[in-house]
Amino acid sequence: MSKIQGTLAQWRDRLRRKELSPAELVNLTADAIEADRTTNAYISFDREAALHAAAGADISSPLAGIPIAVKDNINVLGQPTRCASRLLSPYVAPYDATSIRLLKEAGGIPLGRTNMDEFAMGASGENSAYGITRNPEAPDRIPGGSSSGSAAAVASATAIAALGSDTGGSIRQPAGHCGIVGLKPTYGRVSRYGLVAFASSLDQIGPMTRTVEDAAILLQAISGHDRKDSTSANCPVPDFEAALGRDVKGLKVGIPSEYFTSGNHPGISEAVQNTVKQLESLGAELVEVNLPHADAVVAAYYIIACAEASSNLSRFDGVRYGKRAEDAAGLVELFSRTREEGFGPEVKRRIILGTYVLSSGYYDAYYSRAQKVRSLVARDFAEAFSRVDIIVGPTSPAPAPKIGDSALDHLQTYLADIYTIPANLAGLPAMSIPCGTVRESGMELPVGFQMMAPHFREDLLLKTGFALGK
């Protein structure tokens, strides 16, 4: 299979040295996408549109005309945005998301719409109307989700880098399962304008790359204040690449006992502990911290996220855009049949749950309590970060399960995000980097090492991840 090996930084250097043109790189990438018959990482790609953009690419720009894969819930002008759902199958985006506009201004070329769990609801890559995404490292395993296609594309070398979105771990968990780097920025660091919302108070767009350096380059390109997004933070964007060479000596690393438990897969525990020891050998100081509400994060998250989803997805009714049920007898039937025919089972499950917890009889019992837990989780992290610089642990408690296992135990699938959800509830930046493998059924499955930092301190994550990768 044709592959696009090498990092974003390496391809940028090659383009600037004029070893090849942006158009040639677009064709190489498109050829690799067409040759891949295994992962189903892409829903579609537009070679001609990318070649048109490549013709005017500035190789002196930060991204130098490099093609970037884009998750199918981020609007790209003139391209379909389906969110991997039948309901949006006819929709073509009439504008660029702010992250895409900034990507283009930095010299990046959107190429390919990556597969995902429908409307970003899922953690396996199996909940797509366009077929299951497979893990390139083990095709009988899931790649994780919901940014399944973005992770699989980067890991299979059919993309140099990709954009994903993260609501409860949807960048970091698939990054961990596929052995790549995935960074969820601080809530507000990257504009959400043009991202189809799942849970508006939790969603964030971020980079998925092969190296920490590439994550810094791509994050630099898409960060910044945006007046079109009321939740966008109006704060300076630091030089993320400059953070990469900084020393980690004296860095205070928080070790939460709640993340290092006997419930983790033994191989994952060993790989993560080895990475912690590596940090210590680099001069970092290990500090025990407590996150006392860690056992409540999954329940709180699913109440809040589903409540917001039930509201956000009410706009998909067959009236304004997307699929419309035919021959409906009236508006009520139009709405109900459009949604019944268009939404998949997992989306329906979450809409029902969200509507239930927002109903008058259960609002105080569930939604209000979940918001209180969210505040307590944020307070736990604030207290921990008064003593340490970063907090570390496994990205996931277990390696990638086999395809089909998730459908047998939905609760276990939800619990797989227990370590990634807290960063979304607290709005913190978090990054997953590869830290080895575990052997299962004769296969070496990737393990992710997660780091979290205080608000707007992505530089701490990047310098630490870069130091570990040397």
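Each Cβ is built from the backbone N, Cα and C atoms, and glycine gets one as well.
Counting every protein chain shown, the number of other Cβ atoms lying within 10 Å of the Cβ of Lys71 (active site, charge relay system) is 32. Under the heading active site, charge relay system, Swiss-Prot lists Lys71 (among others).
Around Ser146 (active site, charge relay system), the same-chain residues at least 6 positions away in sequence with a Cβ under 8 Å from its Cβ are Met116, Asp117, Ala120, Met121, Gly122, Ala123, Gly125, Asn127, Ser165, Thr167, Ser170, Pro174. Taken from Swiss-Prot, the feature active site, charge relay system applies to Ser146 (among others), supported by sequence analysis.
Note on Ser170 (active site, acyl-ester intermediate): other Cβ atoms within 10 Å of its Cβ, all shown chains, come to 36. According to Swiss-Prot, the active site, acyl-ester intermediate annotation covers Ser170.
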